[in-house]
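Notes follow the structure.
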Amino acid sequence: MTDEMLIVLEKALGETIYMSVITCIFTFIFGTILGILLVVTEKGNILESLKFNKVFGTIINIIRSFPTMILIVVLLPLSRLIVGTTIGTNAAIVPLVIGLSPFLGRMIENSIKEVEHGKIEAAISMGTTEIAIITKVLIPEALPSLIRSYTLCTISIIGSTTLAGAIGAGGLGSVALRYGYERFETSYMISTVVILVILVELVQIIGDLLSKRIIKKRYKSI
């Protein structure tokens with residue numbers, strides 16, 4: 001591995017990590033809110049609103065139906081409006097957050113639905129407020145499953161940043177395209193794949209450890 005290659009890969013790795021971290025932060029926030037709203041507004045839940053739930057769910061499904069690459073291209077004008085450019089890591093973050101938040105929202109919805117309804121009813125019978133039910137019952141009870149959802153979403157985000165690299169976002173995807181595909185430099189392609197595999201494995205290991213630790217603590221407290 002040459003010095004030039006090390007410099008290129010180091011810069012690309014930094015860009016990929018930057019895009020992934022910032023995208024994760026905003027996607028986790030918006031995705032969690034979306035997921036909670038989908039659950040609490042459904043029939044028989046604490047903030048029942050069937051019309052809102054139906055419309056909200058349809059919008060989420062429409063956004064989810066767009067392939068990542070197409071969504072990135074479609075939202076380039078919005079990226080320019082928000083960050084002032086359509087090229088670079090910051091420009092890619094905007095469509096990635098918009099595209100992946102609904103994806104995470106559905107996963108959060110499924111995670112929260114795993115909570116036993118009896119625990120929610122018990123909290124309601126004790127006069128617990130809606131906000132308290134969400135923060136002290138739904139989220140804590142669903143936490144191991146939520147962590148698994150966040151882990152899967154993070155892995156999807158890492159993969160999506162490589163796609164964004166194909167349209168000028170930078171990162172490992174850009175290196176794989178410019179050096180590995182266009183210049184037929186196999187060493188660059190192999191190196192980017194190895195780095196991405198390592199990143200994904202690290203995320204999966206950390207997510208599994210956190211989830212297992214929470215489950216273990218829960219069993220000890222019983």
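The backbone N, Cα and C atoms fix where each Cβ goes, and this holds for glycine too.
Residues or ranges marked as domain 'ABC transmembrane type-1' by TrEMBL: 13-207.
Through the fold, the transmembrane segment (17-40) approaches residues 46-47, 53, 56-57, 60, 89, 92-93, 96-97, 100-109, 111-113, 130, 134, 138, 146, 150, 153-154, 157-158, 160-161, 164, 169-171, 199 of its own chain, all at least 6 residues removed from its boundaries and within a Cβ separation under 8 Å. According to TrEMBL, the feature transmembrane segment maps to 17-40 (among others).
Beyond its flanks by at least six residues, the transmembrane segment (52-76) meets 34, 37-38, 41-43, 86, 91-92, 94-96, 98-99, 102-103, 105-106, 160, 163-164, 166-167 of its own chain at Cβ-Cβ distances under 8 Å. Per TrEMBL, the feature transmembrane segment maps to 52-76 (among others).
Per TrEMBL, transmembrane segment is recorded for 82-104 (among others). Same-chain neighbours of the transmembrane segment (82-104): 15, 18-19, 22-23, 26-28, 30-32, 34-35, 60-61, 63-64, 66, 68, 71-72, 74-76, 149-150, 153, 156-157, 160-161, 164, 167-171, counting only residues six or more beyond its ends whose CB sits under 8 Å from a CB of the stretch.
Per TrEMBL, the feature transmembrane segment maps to 152-176 (among others).
Per TrEMBL, the feature transmembrane segment maps to 188-210 (among others).
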Long-range environment of the transmembrane segment (188-210) - Cβ separation under 8 angstroms, sequence gap at least 6: 1, 5, 8-9, 12-13, 16-17, 20, 147-148, 150-152, 154-155, 158-159, 162, 172-173, 175-176, 179-181
